[in-house]
Ligand SMILES: Nc1ncnc2c1ncn2[C@@H]1O[C@H](COP(=O)(O)OP(=O)(O)OP(=O)(O)O)[C@@H](O)[C@H]1O
């Protein structure tokens, strides 16, 4: 494997204690300390919190017995928005202007100040997001373009906050999270809107923010119940090292709060939301723990949040976590959890690297905005960590040129503030600041000082973008549309179907039929089998007959499979020139068809056939890291006479009804709900939930 490019860089942590709110008791429970002008001789900034014995009541606080949590910054309640921006955030604008990706996450419990920090209010109270946009426009080189995408993840579904469109039922479109042949994760159909200037952004942002799912809780009347991910891309000449232009990104994440349901007095629907929020945040915690433990497989796939943020967690993005905490002892437990999480994140290392340039001919068209891609790094073969070989921080479709980052100003990174503006586009360090005065300058933080007229930039926005707008929709947009239409059609069909309850015998015979079908070499279906455990018994069955499980792509993959010479009975030799005559899409689909067959073979225990089929698939989808991992797994299993670990089943969640058989043959529903089919990290999520009725 080629040596990985980029520099190892830990995620920086800034902790912020918000002021007390009206009606809150000021018990001075949580304190922040940092030197006014931090130098290497100063004590590291810290947040302190009373130890358990001393904190049972506000009155019993013993300020001498406190735990200290040390971070890169520790901001107290008096802190101005500008202070946080100048010290912690502005250097990351420089990162983007140098052609890299920076991710800033606000973490904390409900009403701890995440939205205040990220979004803020008017004037001096402007938060990180508006200030980043202002600085980007102020500092970007002439001719560089800025684009915006904005999504929310609500109950583990992704929605486009820049898209007001709705489906036939008047509901917002759910966007699928996909992975391209190179393992790059993207959100299919997400809009990417070219921004003309700061006020254009403000219009888009305020409109989009209204769309965000907010609900009233007892804690915070505008408590956000979703994770919001706003991405700014800056692209064009003068960005990064490439004289022809590079691509920088800033990903700004306002995470939903991890609710304490007792305190929020949640009703049933709020509890369901809380469960989804808590789940994604707990997966986030697990990802961090596993990264720190050097685990082989990282469970990015267990939630859409971590999937989408893969690049920020052990990937190739520079990172900043702003952990927000409330000041009072009432929040002590939540605050401890937040500080412990932040302490764990402190140890996560990313390999920060220059993004590869998007080649314009490959740029997805912007028309109707449904073809934008949100990237995450691909996982490496060895560790499940994102690799940095290329493509990880870019779009899935753009061609990439590999590029490395020199050591540059890493020392400045550690200090947190990049002081010198960069004057050359070559040999940058990850946090070097370029442009007019650099982002680290003091004026950034001043009241409205980051604003400037950017009318002159308007003209530079035209050109390639317009050019692409004139082309029709690209393949991703068409696939996304076709998938949406197909899912809707199936949902309608499904809703019209009477529920058929199957007994154990029915299921067993369905499984036998499927096995037989496969044993006869029937390749007419490329649907993988599904197996899972109920709480009481192991029941395994093929899900191919379920109308919603089909993984058949919207276009005719079978046709391309045949065109590739795909055999109905697997042969053990790969085609001599596999897929040379095909388009990339056909190759991908053919590869998928082989993978589906390989899964079936593996499911029957025929590992040799499975291996041959996986290898055959690889001939069509070269460079697919997950597939390579799978091949290595199967090779290992064959060599050591072991079963393969983990089912490669494609379905993750299934709606299940567990029936109990009664003596007279009538079944009664015992349990109902969504079951997790597999926690296996390699398992792909189904695009849809599946109704399966199963018997005991
Ligand atoms: N640093 C601060 N200065 C002044 N007010 C603040 C500060 N931080 C938070 N607040 C206020 O505290 C309240 C809760 O903050 P905010 O809405 O930002 O919390 P949150 O963590 O985003 O909550 P949720 O997860 O529910 O959205 C708001 O009224 C906000 O204006």
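Including glycine, each Cβ sits where the backbone N, Cα and C put it.
Note: TrEMBL annotation is automatic and uncurated.
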Region 'Disordered' according to TrEMBL, located in which of 302-343, 428-469, 470-511: 428-469
Annotated range (TrEMBL: region 'Disordered') out of 376-403, 516-543, 600-627, 628-655: 376-403
For the binding-site residues 112, 115, the one whose C-beta sees the most other C-beta atoms within 10 angstroms: 112
Coarse DSSP state, helix versus strand versus coil, of residue 114 (ATP binding site): helix
Binding-site residues compared (108, 113) - highest count of Cβ atoms within 10 Å: 108
Cβ under 6 Å from ligand 1: qualifying binding-site residues of 108, 109, 110, 114, 115: 108, 110, 114, 115
